[in-house]
Amino acid sequence: MSDLHHLSIAKLVDGLQNQHFSSVELTDHFLKRINTLDKKVNSFITIDEEGARQAAQQADDRRSAGDNSVLLGLPMAHKDLFCTKGLLTTSGSKILHNFVSPYDATIVSNIREAGAVCLGKLNMDEFAMGSDNESSYYGAVHNPWDLSRVPGGSSGGSAAAVAAGFVPFATGSDTGGSIRQPASFCGLTGIKPTYGRVSRFGMIAYASSLDQAGTFGRSAQDCAYLLQPMAGHDARDATSIKRDVPDYVADLQSAAAQADADKPFSGLRIGVAKEYFGKGLDAEVDANVRAALKQYEELGATIVEVNITDPEITLATYYMLAPAEASSNLSRFDGVRFGYRCEDPKDLADLYTRSRSEGFGVEVQRRILMGTYALSAGYFDAYYTKAQKVRRLILQDFKNAFEKCDVIASPTAPTAAYKLDAALDPVTMYLGDVYTIGVNLAGLPAISMPAGFTESGLPIGLQLIGNHWDDSKLLSTAHIFQQHTDHHTKLSATAQESI
C-alpha cells in the first residue's frame, strides 16, 4: 500500500467502503509521508498525530457499525486560518503564534461530522496576504514540483500538501486568487465557490466582502467531494446565503454520463476576453492555455469573444478595497485580548504600537497602512468610495459577458511558479493576481485546473469562471475536460518519492 497517496478520492472512498484498507492504515500512511518529507516542503504548521489517529479509529468503528458515509475515514487538513478547537490557529502570524482556538469554524465542524480525519493545520501567507507563501512567520513553503520555487499563495501550504501527497485534499481560502493561483503553480484543481456559498464563521478574516473558503484536490471530482459538506447556509455568518446545495459529485457524474462521447461540450459557449491575454502574460502560459481552449473546441465547445474590465483597473480596485477591509479587521489584534503582547510596555499606547509592529510582518503592515490611508477622512471619497463604484462596474461587465457565454476562460496566473527569494517588489507580486481578483470583486465562482506544463516541467493552470451559483456547472465542465486529458494525473517530484 505504498502508493495510496496516488489514488483519487473516488478510489480511496471505494477502498475504505470495501475494506481494502482501514482509515487507521490510510491515516498512518499519510502521517508517515508528512513526518518523512515535509521537512523540505514545510506545508504544515501543526501536525495532530494523536487526534488524527483517534479520529481514524472512530471512523473505522463507525464503519464497522454500518456507517458508510462518503468522507468517513478520509484524511485531510485545514488552512491555518480556520479555527480548530484545541489546535493552534495562527493565520501564519507571530501575533497568533500561541492562540489555541476554543471553537471550530463551521466548515471544520461540518467536515468532522462527515467523518473526515484532520491531520493538522497548513502553512499560509500571513493573514492570507501574499501570492508566494513566503510571508509566513513559520517559514516559506516549497513547491513539490521544484523545491526551489514558490507554491503560490496565500493557500500555499494547502496546495503543497496535496501536490506532495501528504493529504488527498485540503481546505483553502480565496480573497483574490489564493486557491486558484496555488492550484495553478502546484498542478492541482482548486475551486473558489460563489460568495456566500460556504460559511465564513470561524475563518480569520482578511477582507470580509471578498473572502471565501474552498477546496484543493487533484481533480474536479476530488474538489467536489470536499466541497459537499462545506457548502450550505449558516445563520452565524451574515453573508451566508440560504439556497439549496446541489449534490456536486452526483451532478458532475451525471453530466459526464449524459455527454456525447465525441462532442461532450456541444452547446457549451466559452467566453474568451482579449483583456486576459495581453501584456505580462508568459509565452508558455499563453500557448498552453490556448491549446486547452482548442481541446475544448475540438470536444464541441464554441469559443466566443467577450469583454471584461481591464485587469489593471480591477487590480487597482482590489488593492484599494482589500487593504481597507484588512485595516478594519486586523484592528482587533491589539495585544490586549489575545495573541502576542510586547514585553514591558511603558503605557497603553506603547502596548498597542509595539505589540502590532512586533507581531505583524512587513506585508501585513504594508496593507494595513494602505487600507488606513484609503479610509482616512481626507481620502475616503477619493479612493475607497470611488473603488466601490468601480467594483459595481466590474460586476456589470461580467454580467454582460455571461449574456453571451456560459463560462469564461483565462489563464489562472501570468507565469508558472517563480523562484523562492525572488525579491519581487510588491507591485510585481500583486500583478500575479491580475487574472483572479475580478472574480472575488464580483462574488463569482471560479475553478483552476491543470492545462499543461512548461518546457522545464512546471504546471500551468486554466481558470474557468462561472456566473453566480454555477459552481456545479464549473465542476462538471472541468471534470469532463479531465476525462479527456491527463494533465491532472501527473505527479510532482515529491509525490513520486517513496518512503
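Cβ from N, Cα, C; glycine included.
These come from Swiss-Prot:
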| type | residues | note |
| --- | --- | --- |
| ACT_SITE | LYS79 | active site, charge relay system |
| ACT_SITE | SER154 | active site, charge relay system |
| ACT_SITE | SER178 | active site, acyl-ester intermediate |
Using Cα coordinates, what distance in whole Å links the residue listed as 'active site, acyl-ester intermediate' and SER154 (active site, charge relay system)?
5
Which residues, sitting 6 or more apart from SER154 (active site, charge relay system) on the same chain, put a CB under 8 Å from its CB?
GLY92, MET124, ASP125, ALA128, MET129, GLY130, SER131, ASN133, SER173, THR175, SER178, PRO182
Here are the active-site residues: LYS79, SER178. Which has the lowest count of other Cβ atoms within 10 Å?
LYS79
Based on DSSP, name the secondary structure state of LYS79 (active site, charge relay system): helix, strand or coil.
strand
